[in-house]
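Novice: Sharing the record's features from TrEMBL:
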COMPBIAS  A:304-315  compositional bias 'Polar residues'
DOMAIN    A:86-144  domain 'Potassium channel'
DOMAIN    A:179-256  domain 'Potassium channel'
CARBOHYD  A:Asn82  N-linked glycosylation site
REGION    A:274-315  region 'Disordered'
TRANSMEM  A:7-31  transmembrane segment
TRANSMEM  A:122-144  transmembrane segment
TRANSMEM  A:165-190  transmembrane segment
TRANSMEM  A:202-219  transmembrane segment
TRANSMEM  A:231-251  transmembrane segment
Amino acid sequence: MSTAFRSCFVLSGFILAYITYLLLGALVFSAIERPVEETLKSDLSSLKAEFLNLSCINATALEVFLEKVLRANKYGVSVLENATLRTNWDLASSLFFANTMVTTVGYGHTTPLSDAGKAFSIVYALIGVPFTMLVLTACVQRLMHPLTYGPISVCQRRAGLQPRAASVVHFIVLLFLVVLGFFVLPALVFSAIEETWSFLDAFYFCFISLCTIGLGDFVPAEKPGQRLRALYKISVMVYLFVGLMVMFLVLRTFHKLADVHGWTAFFQLPSCDEEDEDKEPIIEREPDEESPEAEQASVKPLDPSSQVSYNSINR
Amino acid sequence: MAAPDLLDPKSATYNTKPRLSFSSKPIVYNSGDDCDTITTVMKWKTVVAIFLLVVLYLIIGATVFKALEQPQESSQKYLIVQEKINFLSRHTCVNVSELEDLVKQVVIAIRAGVNPSGHPSNESSMWDLSSSFFFAGTVITTIGFGNVSPHTEGGRIFCIIYALLGIPLFGFLLAGVGDQLGTIFGKGIAKVEKMFVKWNVSQTKIRVTSTVLFILFGCLLFVALPALIFQNIEGWSTLESIYFVVITLTTIGFGDFVAGGSEIEYLDYYKPIVWFWILVGLAYFAAVLSMIGDWLRVISKKTKEEVGEFRAHAAEWTANVSAEFKETRRRLSVEIYDKFQRAAYIKRKLSSELGQNPGQDMMPCKRTLSVNFTDELEKEGLPTLTRNGSLYLNGLTPDCPDHGEISIIEHLK
């Protein structure tokens, strides 16, 4: 009884913390962004007024035209001169689109226009998202051995550190390497290739993509007249996939770290029992998982600190 | 020749190989320390196989999207270019470059969330408190619609830090909500199962029905009902509403459709309800997606099992066949050697009796037999393969004038 009460208590604590966090974020975003938005608004209205002044158009005709242009632009169809030759749905771009959908990044710079496309997206996403998560989990489970367990045991043996200290040291080193290799370096490359992106923009893009948030305000390979566009898009795809795998790895390592330090027990979270999953990563524990109630198994307590997004649940 | 060694009883024990039996378990040929490499190789192969499957899946998706969308895109392009030409022809005082400039600026403004059409003065901001709250929510849940995004450097840096802390926090919350959801549903299902047990239905059927019930009920509550609501309030079609629900709850979040993102007048509590629905719906979708993942895993496990079984059977069959073959060869070679020895002995006796007749031309029979001597102990108790005093090699009599010279290449194992 006390454990149930305690878990309720913990849950409501989390909800409150979450709401407070959201409010805080809202306040800060509002304070930072609103002035910029006002300036942009006034700039645009003056531009429009200027345009209307020196021409024979009336306001309504312009509005109608603009509306149509904007609606087309929402779907990625641009009316500008040099953009007419490019299509958003050649094979490389479609592959990129499928990849962003399946990894749940979802930039939104191109979206399905037709009804059939939308229906297909629904089905494709419902199958593809768990599929991708399965692949990523399998790869990460496999990678954990050379990248986490190996170094930690080496640390313990050679340097004679305690398990706790060894895992902390290893995590810090891993984090540093990941940030360097998957954020800083790609940001440098992107800011060099994309002329309009600064280093901060590129870093922001890398972060937003690898967390699968995918706001879509920056999307690589969208510049008109980009050379080797297909190759560029495919290499970005590979980068996203590998980066996502590495993020999962980092999270799993952190989970293991939390386990070793006893934090998971404190927060009543499921612990990391990696050692048993040694031989068969995808397959193991299957017989045990078929608990008497199927839906219990399907709505099992999720593994909170070991995935980037909710749908990377592994069992 | 290695034959003299084999006659030595001491070396017999060194040449024994483990006997293979007809067991149902997969037979491991090599010794135990090879087992790890075998399973490791299989694991890598599985991962690579699944990875290739994902790539194939992506390519299939890409071709289908291309086939569905490209025609639509071309027609859109054509329409908008026509519009531009019409506009320019109707209003001749505007030249192309001015229009392009305006359009560029407008597009940039739209990307920033500012709508230039309509009346810009009394519009609500995209960054008032409730919209910022919604934006913060989309960042933390990693949905990331993108219809609103930070444009200042400070905003972007803050977004990074905010997401770093917020995503794990949301993960905790989702775990808790999922847990509660599971408990509630579990209790309900337990009651239903009690009813079913009275009717003597099998356990698997109960499980299957409960899963199906869960999916249907959840679909109704978290997909169908919100889709209807969105259809009525936002004015989307049915397909568009369902599309929005699925894209949002899988956290893909394209942003082409956003609840609460249009210019319509919304009720005050609309956005908070949408946010709450996203939270609970995410937990439900997490359960559904993990279930689908489990099915895929079970399928892959079954395939892997079948492949493993097949390989085990193939290995066993090969092992048995080659063992049998080796046995036969060894038996034959030993008998041939025996016969050869006896024939040579007889010949020597005869030639010694006959005196000076050493020059009898003995044509060597060109038959070489490669023999693997494995088990020395078997040599003694084997049935002879001779008939009428001639040697039988696999049922064929050698076509030799003299059954003497048969060279035997013997291998010691």
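Numbers here mean position along the shown chain, with the first residue as 1.
Keep in mind that glycine also has a Cβ here, set from the backbone N, Cα and C atoms.
TrEMBL labels come from automatic prediction, so no person has curated them.
What you are looking at is a predicted structure, and each value in this text was computed from that prediction instead of being measured.
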Novice: Of the stretches A:165-190, A:202-219, A:231-251, which racks up the most C-beta pairs under 8 Å with the transmembrane segment (A:122-144)?
Specialist: A:231-251
Novice: Who are the long-range neighbours of the transmembrane segment (A:202-219) in its own chain, taking Cβ under 8 Å and residues 6 or more past its ends?
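Specialist: Here the qualifying positions are 100, 103-109, 182-184, 186-191, 194, 240, 243-244, 247, 308-309.
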Novice: DSSP says what for the domain 'Potassium channel' (A:179-256): how many helix, strand, coil residues?
Specialist: 55 helix, 0 strand, 23 coil
Novice: Give me the mean pLDDT over the domain 'Potassium channel' (A:179-256), rounded to a whole number.
Specialist: 87
Novice: What are the helix, strand and coil residue counts for the domain 'Potassium channel' (A:86-144) according to DSSP?
Specialist: 42 helix, 0 strand, 17 coil
